[in-house]
Amino acid sequence: MKVIALLTLCVTLFCQGYSNSLDSCQGRCGYGTDNNFSCQCNTSCERFKDCCSDYAEQCKAGATSCKGRCDEKYNSQNKCHCNSKCSRYNNCCSDYTDICDSDAGGGGSVITDADIKAVSEVLYALDSNKATASELIIDPQALVHDSQTSSQRDLSSRPLFRYVDGTLLSRPTYAAFLAVLDNYHRMTGQVEDFSPQQLSEQETFIKEAMSNTELGRELFAFLYTKGVYASENEFLHDLKMMWFGLYSRYNNKMDSSGFEHIFAGEIKGGKVSGFHNWIQFYRLEKRGQLNYYSHSFNGPWTTFPDVMGMQFKWDGYFKQVGSAVIGCSPEFDFALYSLCYITRPGKQCRLSLGGKELIIQTYTWDKTTYGNGKKFIASAFPSTP
């Protein structure tokens, strides 16, 4: 599957960086206030009168393509539509047939379930940064039935993570990932306002995970050959927007993103929301901020990565089932969720890891968009029985 020319292309294109015009909303819709730009592209700009001149066209009702919008819910503000009913009402976007009349997940040639399973096996084999049995030791303890997951009973007297080798977490992708985890307010309703340093940390993580690993380059090569992206620059920028672009989960505040929800975790309505990452679990458990109660699922894998569904409290806030891939590298987690979201947005995505099936459930954020009507990631997680 690897193509030498593609790797050369990747290096060349990455050097172009993430370039945006300072006075345009192209590729910036919904992103948090950034003083490095001369104008802004989120809902707050309407209140503060500092929107870019193309804000309405780019961010509100200007979507004229179905790329990234297949099967989206009807929105009367959109100029054209990309769901199964648009043909009946004669209001499909002009590229609906080319992009959505297949199960391709967003453009180019059809991406079949077999394609996804095949590339997930390749990514699994390429995860050279995953934990080994000597670098990570877990202590699952109490296994509960699905009917008991809401009981909020602490059935495990010891932490889940018995030992994690510190040198594992100092590797470049782990270090870059940890740097981003510290940048969020966990309570929904609190505005996320990033400093230039924090924005730089987001880009560093994407670079380390996707451009500086063979695993990340393989994911791009797959999506490139399927026609989903025309260049690595487009791929990296889209990852940045779908994962780090901000939207509002509560009270019209720009308080959330796919990355925060899935990897860092949030508190909403008095309970834990999201939180599907083993590294965040470990660091909070080590600090005494997280109390592991039990698990309701432990996957069939006998080496890392494994998959678990866990019950726990985070500073007193309960999570009934927090599923996560355990012991994988940050780039593997990021790549699997990205693969599934890009190819199966809002659906179940069937992967194969070492010959064993893993189902990832993805959800799209349907209230706001970025770019030409593309949707942010709302959630993605292992679907455990």
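Just so you know, glycine gets a Cβ as well, placed from its N, Cα and C.
According to Swiss-Prot, the signal peptide annotation covers 1-21, on the basis of sequence analysis. Residues or ranges marked as domain 'SMB 1' in Swiss-Prot (evidence: sequence analysis): 22-61. Look at Swiss-Prot and you will find Cys25-Cys29, Cys25-Cys41, Cys29-Cys59, Cys39-Cys52, Cys39-Cys41, Cys45-Cys51, Cys52-Cys59, Cys66-Cys82, Cys66-Cys70, Cys80-Cys93, Cys86-Cys92, Cys93-Cys100 (among others) tagged as disulfide bond, backed by sequence analysis. The domain 'EndoU' annotation in Swiss-Prot covers 112-385 and is backed by sequence analysis. The active site annotation in Swiss-Prot covers His261, His276, Lys319.
Location within the structure of each feature annotated in Swiss-Prot.
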| residue | record | CB count, 10 Å |
| --- | --- | --- |
| Cys39 | disulfide bond | 18 |
| Cys45 | disulfide bond | 17 |
| Cys51 | disulfide bond | 20 |
| Cys52 | disulfide bond | 23 |
| Cys80 | disulfide bond | 17 |
| Cys93 | disulfide bond | 23 |
| Cys100 | disulfide bond | 24 |
| His261 | active site | 27 |
| His276 | active site | 23 |
| Lys319 | active site | 22 |
Go through Cys41, Cys66, Cys82, the listed disulfide-bonded residues, and name the one with the sparsest Cβ surroundings, counting other Cβ atoms within 10 Å. Cys82
How many whole Å apart are the CA atoms of His261 (active site) and Cys52 (disulfide bond)? 28
Averaged over the domain 'EndoU' (112-385), what pLDDT does the predicted model reach? 97
Counting other CB atoms within 10 Å of each candidate's CB, the least crowded of the disulfide-bonded residues Cys70, Cys86, Cys92 is Cys86
At the Cα level, what's the spacing in Å between Cys100 (disulfide bond) and Cys93 (disulfide bond), rounded? 10
Spatially closest candidate among Cys39, Cys41, Cys51, Cys80, His276, the listed recorded positions, to Cys66 (disulfide bond) (Cα to Cα): Cys80
Recorded positions near Cys92 (disulfide bond): from Cys39, Cys45, Cys52, Cys80, His276, Lys319, Cα within 10 Å gives Cys80
If I take the alpha carbons of Lys319 (active site) and His276 (active site), what is the distance between them in whole Å? 11
For Cys52 (disulfide bond), which of the listed recorded positions (Cys70, Cys80, Cys82, Cys86, His276) have their CA atom within 10 A of its CA? none
If you compare CA-to-CA distances from Cys70 (disulfide bond) to each of the recorded positions Cys39, Cys45, Cys51, His276, which comes out shortest? His276
Cα proximity to Cys93 (disulfide bond), best match among recorded positions Cys51, Cys82, Cys86, His276: Cys82
Whole-number Å only: compute the distance from the Cα of Cys86 (disulfide bond) to the Cα of Cys80 (disulfide bond). 8
Which whole-number value in Å describes the distance between the Cα atoms of Cys80 (disulfide bond) and Cys41 (disulfide bond)? 22
For Cys41 (disulfide bond), the spatially nearest of the recorded positions Cys51, Cys82, His276, using Cα atoms, is Cys51
